[in-house]
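Notes for the one structure printed next.
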Amino acid sequence: MNKFILLLSLVTLSCVLAVPQLPAAQQYYMKGSFNIPYFNIVEPIELIYDSVNNRQYISVYNGMDITINFYNQDNTYNVGPVKYDMVCTTTPGNGSLVNVLPTEPSSWVYNGTSTVNGVQVFGYSQKITQYGRTGFYNFYVDANGVPVQFYMDGVDYVFGSHPDVYVLNFDIYTTDISSYESYFDIPVLCNNAKEAPAKENQFDGLFSSIGDNLLAKEEQASNLFKEYKAQYNKEYSSQDEHDERFINFKAARKIIATHNAKESSYKLGMNHYADLSNKEFNTLVKPKVARPSVTGADSVHDDESLRSIPSTVDWRNQNCVTPVKDQGICGSCWTFGSTGSLEGTNCVTNGELVSLSEQQLVDCAILTGSQGCGGGFASSAFQYVMEIGSLATESNYPYLMQNGLCRDRTVTPSGVSITGYVNVTSGSESALQNAIATTGPVAIAIDASVDDFRYYMSGVYNNPACKNGLDDLDHEVLAIGYGTYQGQDYFLVKNSWSTNWGMDGYVYMARNDNNLCGVSSQATYPIPTKN
């Protein structure tokens with residue numbers, strides 16, 4: 001009997017000890033989906049990670065966009081759609097591989113079993129609290145240690161996007177990549193590839209704020225940076241890159257801690273850009289394209305009269321603003337500002353709020369310099385709407401977070417159309433205020449390149465370093481109202497970085513402050529057709 005009890009105890013103990021470890025592989029293949037539940041995005045993804053040979057294959061939407069990184073050859077091929085055709089470009093230079101597995105498994109805490117996607121899993125977690133913002137991260141493996149799901153409630157570990165809920169599901173995973181060697185064959189389409197200018201690796205750089213001791217010695221800072229890399233799955237391709245990231249990391253900590261230690265109308269909070277240089281941040285979130293010399297606007301809104309308009313406007317109160325959307329890891333901000341203005345002004349004119357398709361603009365509005373996820377302008381969007389007649393609804397032509405083939409020849413239009421569009425007098429905040437009050441939400445371009453804008457959390461943003469020249473504008477947003485908060489005038493601005501950024505997706509931009517950040521430098525709105 002005692003032997004039986006001892007045997008049973010040993011069996012029980014062996015079961016307790018048989019907890020699979022988090023995977024750590026130098027080579028692997030995975031197939032699954034990358035999901036953003038907030039905006040109902042389910043992006044099929046196929047990825048080969050090969051740190052042994054310093055190369056990588058990434059395909060999304062079943063081959064709609066393919067990136068093959070040959071960092072061992074200082075070259076990258078990208079195959080993707082441009083309006084109705086697939087094209088190939090090649091980009092010289094090195095970069096960092098995208099690893100979807102935790103690089104420091106020992107820093108994760110085991111927290112028991114559960115069921116995910118119908119599979120009994122073993123979960124590991126991290127909880128990271130920084131400047132009032134807490135992120136929760138869970139990595140689930142099956143009994144054999146095979147990844148099942150990476151759940152991120154905070155910053156996107158994988159591709160380095162703003163705080164949100166991200167879910168990476170693994171359908172297939174193997175560390176034997178020999179069967180997938182053909183994936184690294186250069187596509188035939190790339191025989192005539194066009195060379196794109198070299199740019200910073202768009203997948204580099206996540207965030208952290210590990211402590212706020214500005215007097216820390218270099219050794220202490222180095223230890224904090226080590227924790228940062230472990231917590232946020234950071235890998236750098238060389239010692240030189242590591243040293244550069246360390247400098248950026250220390251600078252980000254200083255920016256936030258220094259700002260929040262003083263009196264200010266707004267507060268900052270850490271997010272996923274702390275080890276990025278300004279150039280990298282601009283490339284990742286706000287790609288700039290050549291500005292069109294002619295906008296094609298029908299007229300200019302130059303009415304600066306403030307006598308007969310309300311002292312406060314918020315078009316959400318009239319149900320003329322759709323919920324905050326999420327551009328994800330795509331430089332498509334220009335489409336969200338444009339659809340937001342068309343949605344709002346159509347609502348004011350016709351009394352109906354219709355959520356319109358940003359993806360149709362990404363895929364089809366290849367006009368006057370606009371390049372889908374590579375950036376663009378509201379004027380291009382409105383010119384396209386005039387040309388095509390009407391955009392589809394968001395539900396009929398849903399957002400992909402990715403350039404796609406244009407479907408405007410087959411998709412059902414929404415019926416929302418415009419007769420033209422109007423530019424607001426450049427630099428006139430009173431004209432912008434009048435336009436918002438009398439016509440509805442207005443698409444505006446701002447300078448979002450100042451370091452602290454990416455960390456904005458609350459209050460009236462009024463950093464004097466923010467510029468207002470036309471060539472300084474790098475991010476399209478939507479002005480939906482104005483008012484005064486704690487004695488400071490503001491424009492109420494809707495961003496496209498989900499509700500996890502700022503004040504549930506919104507920011508108070510300083511008003512009557514010398515056109516700070518260029519809020520009125522390039523404001524545009526459409527003229528909806530009256531039903």
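Just so you know, glycine gets a Cβ as well, placed from its N, Cα and C.
Residues or ranges marked as signal peptide in Swiss-Prot: 1-18. Swiss-Prot lists Asn94, Asn111, Asn423 with the feature N-linked glycosylation site, giving sequence analysis as the kind of evidence. For Cys330-Cys373, Cys364-Cys406, Cys466-Cys517, the entry in Swiss-Prot reads disulfide bond. Positions annotated as active site by Swiss-Prot: Cys333, His475, Asn495.
A separation of roughly 27 Å, to the nearest angstrom, links the Cα atoms of Asn94 (N-linked glycosylation site) and His475 (active site).
Listed recorded positions: Cys333, Cys373, Cys406, Cys466; maximum Cβ neighbour count within 10 Å falls on Cys333.
Cα to Cα, Cys517 (disulfide bond) and His475 (active site) are separated by 10 Å. Within 10 Å of the C-beta of Cys517 (disulfide bond) we count 32 further C-beta atoms, all protein chains included. On its own chain, Cys364 (disulfide bond) has Lys83, Tyr384, Ile388, Cys406, Arg407, Asp408 as residues at least 6 apart in sequence with a Cβ closer than 8 Å to its own Cβ. Neighbour counts were taken at the CB atom with a 10 A radius for the recorded positions Asn94, Asn111, Asn423, Asn495; the maximum falls on Asn495. A sphere of 10 angstroms centred on the C-beta of Cys330 (disulfide bond) encloses 24 other C-beta atoms.
Looking at Cys373 (disulfide bond) and Cys333 (active site), their Cα atoms lie 8 Å from each other. Neighbour count (other Cβ atoms within 10 Å of the Cβ, all protein chains): 25 for His475 (active site). Annotation note: Cys330 (disulfide bond) sits in a coil segment as assigned by DSSP.
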